[in-house]
Ligand SMILES: Nc1ncnc2c1ncn2[C@@H]1O[C@H](COP(=O)(O)OP(=O)(O)OP(=O)(O)O)[C@@H](O)[C@H]1O
């Protein structure tokens, strides 16, 4: 039998097996549904818990089978994408393994019909060349030889072609996948994961990792695949909703949302840092976003104080100031009075302080206070009885003395009646005092509402109390912060400190404490934001991906990764992704031209071999709208569908959107907070971060990009968004800094 027929038969067998499984599952589900109906009908309100449990376990079973069923159904059109032939050392024969998105086992033999891409053995496919290999599974090392690696082109369940490969790089499958259109959403890439990417996905899961990757190197994609791999490998320990993905904005969350179910991680939580901090720390005041500050920085309308405040509030120095401030708050929890019930001591102040400062030192302050309250309540309960008995005994003794010791009957009567009344009064007094003793004692403890407490730090006396060296910079921070607080706002740069304060004072609710955190576009985070997140979540399991060349919040973001490794994640692995997959060689060469002018020295991104047309420059002259229209129509004819007009500022975006609308071209203007993507958008560069489009039209008509760090980075971000085409529309070529770039890397049209 020829090889193609063999593979075709294998695919037919797999499909037939899957259909049988699906049918079995479906009839199983129908049967279960019926049974559950039965159970529900027969379930009366006071029925035995056994029945109830039976119903619950049916529901669980149904849920599992529905997940399995969905997986199976989604595999129908492409059950697997690759095969390896592996000869394990101790086995007499070599085996064939077909690798797909999820595994499928033969029910009788338990042998894999399809091997999950995340399984240890599948790593052999991504990692090595043909020949001797080894892999680890469940702590054991296996050795053997890979004699074949085969990729399949399967469309709608039909085998079109297959190809044997050695290294996974530059393979046809990758080329095919890259030449496809964006469609405006991120997609899964399990069949074409490259070696350097695979290393990131499978890097030690028990350690944090920091990845510096060029624009389009797959950082976002790879970070999500790593979560999928993490959940697969650690499914016994971690649940999807314990994962937290932090994205730069809500639009971006929308952009990645479609790929999550494909990777089986749809239940991972997704948020922006701002939303997470506001929700977790219960911040009520409106937030002046980092976009607002950036817009002011881009438009040059921000005062110097604003930039200084944004920078310093993200610094390690500010974290130290917050630490000292928090320590000073802690001191206010020292108690000077003993806990008394009437004149009886229940617990002395020293013992209570020891609980707070020593035994409960691992807990947030307010949690410690609650725990102390519980201790006092229980001690009071215990001792109250003894005290009442003691008081009663004292009066009883006095009564005895009066009854048997006093001779004068009148005096005795007065004395006895006095003692009886007094005894009752005293007991009643003590009982009454016991009811409020704990509550009134606890009033000694201070209460620190988060926002107000933070605000107090910026009052001169308080600030100088924790940071005596007063400089003009810190005075600027205080001025700027007080001005915002006076108007009822906080800056997004305050959120790290607020979250930090909340962590120490109140403690993060377990539901908000993610066990694994993925930070995308991490270069835009400040040192303190990442530090505060690490403290809030109390985990080291961070996957941090970013590109310093795209750090457009450079006045407050990170300008190196070393500080994170040194101070926050000492056990982190640092990895880089150099190859870029998104765009063509021609576009990447142009964008790379800008990197030379950046103050950070970063390696140039290496585009994988995919050519396209040269980036074009269109002068902004009469009739440009018509030419843009013709350009877009041309792209549509070529089959491209997602276009973005990227500007420097929001004002410019609004303007060009109107101009084109008048001309009859509909582009949707993307505003801050916008959540829905569309095929044709106008947006400023800072909002385009992380996104990609088939074609990008860079537009500039008022404020040219200058040879400044911020402008260079924004331009770099904008130029690296397209998959296929880049057109720059402006008054002069210089407006896009093209005079800095080799002239044969673009054409004027
Ligand atoms: N191995 C791969 N196979 C196929 N496509 C890939 C591969 N790696 C990355 N891509 C594609 O390259 C594009 C860029 O990926 P992604 O957006 O994850 O990169 P990024 O590094 O986060 O980019 P940026 O920093 O510019 O936002 C996506 O379209 C992604 O599907």
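Note that Cβ sites are derived from N, Cα and C of the backbone, with glycine treated the same way.
Now, the feature entries from TrEMBL:
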- 213, 214, 215, 216, 217, 218, 219, 220: ATP binding site (BINDING)
- 192-584: domain 'UvrD-like helicase ATP-binding' (DOMAIN)
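Taking a C-beta cut-off of under 8 Å and a sequence gap of six or more, residue 214 (ATP binding site) has these contacts in its own chain: 547, 549, 577, 578, 579, 580, 602, 603, 604, 605, 606.
According to DSSP, residue 218 (ATP binding site) is assigned to coil rather than to any helix or strand. Of all Cβ atoms in the protein chains displayed, 26 besides its own lie within 10 Å of the Cβ of residue 216 (ATP binding site). In this structure, 213, 215, 219, 220 are the binding-site residues from 213, 214, 215, 219, 220 whose C-beta falls under 6 Å of some atom of ligand 1. The secondary structure of residue 213 (ATP binding site), as reduced to three states from DSSP, is extended strand. Note on the domain 'UvrD-like helicase ATP-binding' (192-584): mean pLDDT across this stretch is 92.
Counted over every protein chain shown, other Cβ atoms within 10 Å are most numerous around 218 among the binding-site residues 213, 218.
The Cβ of residue 217 (ATP binding site) lies under 8 Å from the Cβ of 547, 577, 578, 579, 580, 581, 605, each on the same chain and at least six residues away in sequence.
Other Cβ atoms within 10 Å of the Cβ of residue 220 (ATP binding site), summed over all protein chains shown, number 24. Neighbour list (residue 215 (ATP binding site), Cβ cut-off 8 Å, at least 6 residues apart, same chain): 547, 549, 550, 580, 582, 591, 605, 716, 717, 720.
What surrounds the ATP site, by Cβ distance within 8 Å of the Cβ centroid and not counting 213, 214, 215, 216, 217, 218, 219, 220, is the set 222, 545, 547, 577, 580, 581, 582, 605 from the same chain. Other Cβ atoms within 10 Å of the Cβ of residue 219 (ATP binding site) number 25 in total over all chains.
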